[in-house]
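Annotated features in TrEMBL:
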| type | residues | note |
| --- | --- | --- |
| ACT_SITE | B:Ser560 | active site, phosphoserine intermediate |
| BINDING | B:Gly50, B:Ser51, B:Val52, B:Asp53, B:Asp54, B:Gly55, B:Lys56, B:Ser57, B:Asp129, B:Thr130, B:Pro131, B:Gly132, B:His133 | GTP binding site |
| BINDING | B:Gly486, B:Leu487, B:Ser488, B:Gly489, B:Ser490, B:Gly491, B:Lys492, B:Ser493 | ATP binding site |
| DOMAIN | B:41-257 | domain 'Tr-type G' |
| REGION | B:1-24 | region 'Disordered' |
Amino acid sequence: MTRPLTHLQRLEAESIHILREVAANFAKPVMLYSIGKDSSVMLHLALKAFAPARPPFPFLHIDSNWKFAEMIAFRDRMARELGFDLIVHKNAEGVRQGVGPFTHGSSTHTHLMKTVALREALDQHGFDAAFGGARRDEEKSRAKERIFSFRKAGHSWDPKNQRPEMWKIYNTRVASGETIRVFPLSNWTELDIWQYILQEDIPIVPLYFARRRPVVARDGMLLMKDDERMQLRDGEQLEQRMVRFRTLGCYPLTAAVESEADTLEAIVAEMLVARTSERHGRMIDHDESGSMEKKKREGYF
Amino acid sequence: MGDNSPKNAPHAQSPEKARHAQSDSAAAQGVGAFIAEQEQKSLLRFITCGSVDDGKSTLIGRLLLDTQLILEDQMAALASDSSRHGTTGEDMDLALLVDGLEAEREQGITIDVAYRFFATGTRKFIVADTPGHEQYTRNMATGASTAELAIVLVDARKGVLTQTRRHSFIASLLGVRHVILAINKFDLVDFDRTVFDRIVADYLSFAGTLGFDSISPVPISARFGDNVIARSGNTPWYDGPTVLERLETVPVGDRLEAMPLRFPVQYVNRPNLDFRGYCGTLAAGNLSPGDRVRVARSGKTTSIDRIILGDDDLTAARAGQSVTLTLADELDISRGDMLVAPDAPPELADQFEANLVWFDEHALLPGRQYILRTEADQLPATVTTLKHKVDVNSFTHEAARSLDLNEVGVVNLSLQTAIPFDPYGTNRSTGGFILIDRLTNATVGAGMITHALWRAANVHWQALDVSKTARAEMKHQKPAVIWFTGLSGSGKSTIANLLEKRLHAEGRHTYILDGDNVRHGLNRDLGFTEEDRVENIRRIGEVARLMVDAGLIVLVSFISPFRAERRMARDLLNEGEFVELFVDTPFEECARRDPKGLYAKALKGEIRNFTGVDSPYEAPESPDLHLRTMDKQVSALVDDIHAWLRQKGYIA
């Protein structure tokens with residue numbers, strides 16, 4: 001009993017506190033659900049924070065139309081089994097125009113199908129607070145962001161003028177049209193996430209586990225051919241390789257890593273010797289050093 | 001070499017794969033042990049601060065690099081960034097690992113606090129790299145508010161600067177307990193010991209008074225790694241710990257767990273009529289089902305029924321945990337209430353004094369209304385008095401009419417309703433608050449409560465022409481309250497009565513306020529709960545004060561067992577107007593005399609909370625007058641008091 005709280009207990013307590021703070025202060029909060037491991041942890045924390053009640057807010061998935069099929073199947077299964085209120089939003093205009101990473105490039109695709117789609121969904125439903133699963137250890141501009149990150153009307157972020165965030169006292173006051181993005185996992189590291197998934201036995205998309213999958217090597221990345229929309233280029237060959245994903249997004253923009261790790265224990269073990277950061281597999285971050293900050297200022301999560 | 005590689009992709013190389021596969025199997029077996037080891041690690045949150053260009057970001061970059069937290073792709077990005085934005089010529093600029101905003105990279109400065117994470121074999125660290133520019137002081141305060149330690153960087157060539165003092169002062173104000181004084185860029189002063197000694201002496205000359213638990217000076221070069229992780233061969237004259245050694249060994253405490261329960265109610269969870277749970281994070285103490293708790297504002301008590309976390313019912317919860325509680329009784333409790341230990345409640349006040357750091361371009365104006373926000377509550381608040389501001393360079397107090405951006409001051413605040421709180425020095429969670437501008441919703445200030453004020457100190461006075469002095473002079477006496485404290489039956493009333501007869505016979509203007517008698521009239525609406533006792537004493541104090549104002553010598557005869565209560569009464573009066581008189585009769589003697597038969601009842605358990613039996617009597621530590629009644633007759637005791645009053649000039 002007198003042992004100090006474990007690191008995961010402290011992180012869990014902080015996150016739960018943040019989740020409740022939003023529920024207590026905002027009229028219409030929403031949780032962004034991206035189906036990835038961080039979202040799975042955030043969902044688990046939300047269930048834990050409000051038990052025996054259900055989380056008092058809906059879950060929003062911004063479907064870029066290019067997610068792995070297994071992600072969509074997992075999303076629908078979770079919503080059914082856990083019975084949470086799921087909203088799926090696509091940029092309808094983008095879908096009509098056939099926007100995609102292969103034809104429009106990664107930055108146009110991401111802007112229209114993720115950033116714009118997110119702004120549409122938030123405006124359409126009038127959400128005044130939105131949870132995101134971003135962590136400060138992911139990327140340098142994330143390391144600078146507050147847990148309660150204020151957005152002006154129009155969703156823009158002003159990184160040079162953030163509200164001071166003292167102790168666990170969060171300023172949740174917004175004027176009409178303004179919103180707050182909330183990051184309950186700010187202080188978690190990738191390793192903490194995996195350890196917690198292991199400890200709490202949290203279900204995650206099978207793509208995180210190594211399996212033989214059809215991949216092609218392109219631009220220094222291993223890409224998985226998830227459906228027929230991906231065309232092989234001259235000289236490219238589809239190979240079955242033992243791979244897994246450290247992070248999940250649009251399949252044409254998410255690189256696989258070769259791995260034998262097919263259990264959670266093996267994934268944690270692999271983490272311990274990993275020498276590249278997880279966002280390395282994210283092509284949208286690579287354009288230039290400040291690219292995440294730029295996207296965030298425009299309203300990306 | 002390359003001939004046998006399947007594809008020249010970073011993740012597709014076979015040596016890489018082979019290494020992974022090998023360590024996978026070895027590490028997979030160790031995962032259980034590894035996780036167990038992770039759980040044992042303590043956590044230290046610290047900040048780096050100091051003036052611009054002292055090398056804060058570089059030091060963190062160095063810590064991350066040397067504890068192997070920088071990964072291959074981040075190193076590659078750093079190399080490319082260094083050639084573009086770097087300030088270190090050919091070398092990699094470690095600061096760019098931390099300065100994440102475009103503006104920061106372009107200007108080569110830190111604007112906002114960045115949080116970084118690393119771990120060693122024994123401890124995990126969350127480090128907040130805070131900006132050095134004065135204009136970003138609020139971001140430095142953000143980082144300091146949750147930190148236990150501050151690494152204060154000083155450039156060995158420049159020594160202690162204004163920002164060094166400012167940041168040290170703000171860190172101490174925000175409750176940072178330990179300092180590592182990292183004197184950086186020692187490579188540029190040839191690792192000269194005299195430089196070290198001079199800067200350390202300089203720093204200690206002012207920081208010694210700031211109340212830190214420890215200050216550890218270390219000579220370092222963040223750029224080259226001297227004394228950051230490993231001992232440097234360049235400083236043979238230095239035998240203290242390296243920066244990392246100090247970070248790993250500085251005591252981190254869960255001292256909050258040992259303190260009385262504080263559970264600010266954050267959210268009421270009421271999915272249906274059958275369940276009503278109170279959600280929150282324990283700010284101090286611990287809890288088990290069945291424990292009695294008290295609602296700080298209403299004073300009502302109940303007991304804990306269940307402690308819920310997710311699907312589990314817990315057998316206990318302790319400081320730092322976020323849980324949901326159900327209670328044995330249905331009470332009216334909402335967000336902003338606090339469940340507390342019944343025998344050690346927090347203070348409850350609508351007026352208090354606080355240290356305030358101002359964050360906004362628009363100055364703090366006394367009299368203007370702001371929104372005060374604590375961890376789980378918010379309410380309108382006004383700064384009634386700006387007592388002084390603090391010069392961050394000399395730490396001297398200056399009179400001021402407003403508090404500008406980045407200034408620090410001491411203020412009195414008045415709230416619309418009372419809030420429960422602890423002094424900030426006792427508990428950051430229950431003693432800190434922020435102020436929010438009502439129009440812009442900006443966070444304009446952060447406050448640390450020092451103590452409660454009583455109304456008398458704040459209500460604006462109607463100026464009257466006939467003064468207390470004039471009234472007293474007419475009576476040829478110096479008005480005062482003579483406060484008789486002691487156990488029930490110790491002889492307070494008897495002695496006071498005889499003293500008044502004597503003074504009256506001499507033509508003095510006196511009055512006796514007797515604790516028991518007052519309860520028949522003025523205080524007949526009050527019971528014996530803690531709040532009521534405090535209110536009882538407050539009213540007696542107020543009445544006594546009015547009588548002193550009228551020029552009287554007031555004899556108050558009142559058990560007043562608690563030091564805090566007597567101090568409260570003393571605080572209502574001016575210096576020299578309150579005479580604490582301890583009627584010291586041993587408990588056994590009082591119980592033997594038992595003039596009202598109360599001891600007999602209390603000892604049989606028929607009366608609860610009886611002073612000396614099941615409620616403590618805190619004897620005065622240094623009373624103005626100490627009467628040992630066993631030695632003397634009552635008349636002799638009265639002689640002693642009379643002589644003392646004459647000697648001190650209360651009576652001519």
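Here the Cβ of each residue, glycine as well, is placed from N, Cα and C on the backbone.
Those TrEMBL annotations? Automatic predictions, nothing curated.
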Cβ-centroid neighbours of ATP site B:Gly486, B:Leu487, B:Ser488, B:Gly489, B:Ser490, B:Gly491, B:Lys492, B:Ser493, 8 Å, sequence order: B:Ile559, B:Val583, B:Thr585, B:Cys590
Segment confidence, the domain 'Tr-type G' (B:41-257), expressed as mean pLDDT: 82
Cβ neighbours of B:Leu487 (ATP binding site) where a neighbour is any other Cβ within 10 Å: 24
Packing count at B:Lys492 (ATP binding site) (other Cβ atoms within 10 Å of its Cβ): 28
Structural state of B:Ser493 (ATP binding site), classified by DSSP into three states: helix
Cα separation, B:Ser560 (active site, phosphoserine intermediate) to B:Gly489 (ATP binding site) (Å, whole number): 13
Cα-proximity to B:Leu487 (ATP binding site), 10 Å cut-off, over recorded positions B:Gly50, B:Val52, B:Asp54, B:Asp129, B:Ser560: B:Ser560
Fewest other C-beta atoms within 10 angstroms, as judged across B:Asp54, B:Asp129, which are the binding-site residues: B:Asp54
Between B:Ser488 (ATP binding site) and B:Gly50 (GTP binding site): CA-CA distance (Å): 58
Assigned conformation of B:Lys56 (GTP binding site) - DSSP reduced to three states: helix
Neighbouring binding-site residues, C-alpha within 10 angstroms of B:Ser560 (active site, phosphoserine intermediate) - of B:Asp129, B:Pro131, B:Gly486, B:Ser493: B:Gly486
Distant-in-sequence Cβ neighbours of B:Ser493 (ATP binding site), under 8 Å, six or more positions away: B:Phe484, B:Asp514, B:Ser557
Spatial neighbour of B:Val52 (GTP binding site) that is closest, considering only the binding-site residues B:Gly486, B:Ser488, B:Ser490, B:Gly491, B:Lys492 and their CA atoms: B:Gly486
B:Asp54 (GTP binding site) and B:Gly491 (ATP binding site), distance between Cα atoms, whole Å: 68
Protein Cβ atoms within 10 Å of B:Pro131 (GTP binding site), excluding its own: 26
Distance from B:Lys56 (GTP binding site) back to B:Lys492 (ATP binding site), taken between C-alpha atoms, in Å: 64
